[in-house]
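Note sheet for the following structure.
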Amino acid sequence: MRTKLRSQHRAVPPCLFSAMNAENFQTSERLVSAAYVRQGSQGRRAHELRLRALLEQGKCPEDGWDESTIELFLHELAIMDSNNFLGNCGVGEREGRVASGLVARRHYRLIHGIGRSGDISAVQPKAAGSSLLNKLTNSLVLDIIKLAGVKTANSCFVVPMATGMSLTLCFLTLRHKRPQAKYIIWPRIDQKSCFKSMITGGFEPVVIENVLEGDELRTDLKAVEAKIQDLGADNILCVHSTTSCFAPRVPDRLEELAEICAKYDIPHIVNNAYGVQSSKCMHLIQQGARRGRIDAFVQSLDKNFMVPVGGAIIAGFNDSFIQEISKMYPGRASASPSLDVLITLLTLGTKGYQRLLKERKEMFSYLSSEMKKLAEAYNERLLDTPHNPISLAMSLKELSEQNGTAVTQLGSMLFTRQVSGARVVPLGTVQTVSGYTFEGFMAHTNKYPCAYLNAASAIGITKEDVDVFLKRLDKCLKALRKGKDDGKYSLVANEDTVFDIGKCSIAEGDTEN
Ligand SMILES: *Cc1c(COP(=O)(O)O)cnc(C)c1O
């Protein structure tokens, strides 16, 4: 019996899972009958095989793993790190000591983070487990990016900074290649972090106003090209374009922008903040890279993978450029965002992630048709923005024509009724960001024809979210209309007067991420 068991275990290749190895199983037979031990070891082997496939292929498994497999895996990774060595004596300045057990458990005892002083992607000799985690995560994330539609992407890494800072890191890397270039050509999108990503890096954004086509705001390609000729290609650090955005702006014309960048030999960085969840955004990036030039595209972890805020993915088509960016990161970094996304992808599997993407798309259609009905019931309309796959907008024409503050009142009412993410955009907001003044801020253009309200169908949204949102929106609009019947817009429901809504900026508070 023993020899049989041993030979059986010899067939299993050396594996990360080690706590209950062949030797220990055999020893267990002294306490529990060999047949039971054998069954136990076979049970374990099923977990090991999943891990073997993961290590061999570096791809997201099709079927999600049980939490038991994931936890086993994480514990095994952790004991490969020196802070968990039983005989370790640390006399360095960073020994992965953690005072709180709660903190240690929160991180699965992976304390060393990722990277070395010079490169966020480098292997950390003190932490084989954390280093393996980092490499595996980057490999799985690349697999998902390809699966989501950018098939020829060939390099990426998770960086523990949100999207804005990650864009800055890309720009700073380009500065070393184009030291004299200070301008960044930026088709306008009214979102502060992507604007500040350029300011923080010390660059000068050149804002290209969008053009109105029907209801949609689209990239002004002629203006982009004219600006390049005007400033001189050598003085331009890059073109900084955007996919995912609030309607009625739509994703930039990436293909044409990429062609312009190729023509003038100008780098091209794409802000794909929440675009991984949309096959359309991903397709645009793929087409841009096929037809022209895209150097890197950056996406948020929390917005695309349902994890806490804290990380982004920098991806591209030229491995050596993406590596240059990772080398630009000074020092070590938190492993938390990588760990969160790794756990999430192993939990979901590709099937689970694709199911979420499919459900999101279905909810987008549902939200779109329901918002259209509601808009029409109030003599408004759903703006026609077919190129925006995630965000929708409905006009608030009547409301804004009757009373200047009614639109912001609506925003406040939705906020106090716990509708989050809906965003009202009044006309004529002027906002100064880092010394630059934007007219019509939030609307992506100086003068959009009407005020409107945004809602988005983002990954994880449920039918209940949509139904409850529309019900509450209906109530708010009804209340405001009642106010109108009295000759003025006013807040009818008492609960809303808890705040001095006319003056406070609650409405605005929910317009930014
Ligand atoms: C979320 C987002 C960003 C980046 O914001 P971070 O907080 O830095 O992740 C940039 N642009 C757009 C369009 C966004 O939606």
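Cβ atoms are placed via backbone N, Cα and C, with glycine included.
The pyridoxal 5'-phosphate binding site feature in TrEMBL is assigned to Arg94. Contacts of Arg94 (pyridoxal 5'-phosphate binding site) defined by a Cβ separation under 8 A and a same-chain sequence distance of 6+ are given as His112, in order along the sequence.
Residues or ranges marked as substrate binding site by TrEMBL: Arg116, Ser117, Gln124, Arg332. Sequence-distant neighbours of Arg116 (substrate binding site) (same chain, six or more apart, CB under 8 Å from its CB) are Ala122, Val123, Gln124, Arg332, listed in sequence order.
Around Arg290 (tRNA binding site), a 10 Å sphere centred on its CB holds 13 further CB atoms from the protein chains shown. Residues or ranges marked as tRNA binding site in TrEMBL: Arg290, Arg417, Lys482.
According to TrEMBL, the feature N6-(pyridoxal phosphate)lysine maps to Lys303.
A straight line from the CA of Arg417 (tRNA binding site) to the CA of Lys303 (N6-(pyridoxal phosphate)lysine) spans 23 Å. With the fewest other C-beta atoms within 10 Å around its C-beta, Arg417 stands out among the recorded positions Lys303, Arg417. For the binding-site residues Arg332, Lys482, the ranking by surrounding Cβ atoms (within 10 Å, all protein chains) places Arg332 first. Comparing CA positions across the recorded positions Arg290, Lys303, Lys482, the one lying closest to Ser117 (substrate binding site) turns out to be Lys303. In the three-state DSSP classification, Arg116 (substrate binding site) falls within a strand. Taking the Cα atom of each, Arg290 (tRNA binding site) and Lys303 (N6-(pyridoxal phosphate)lysine) are about 26 angstrom apart.
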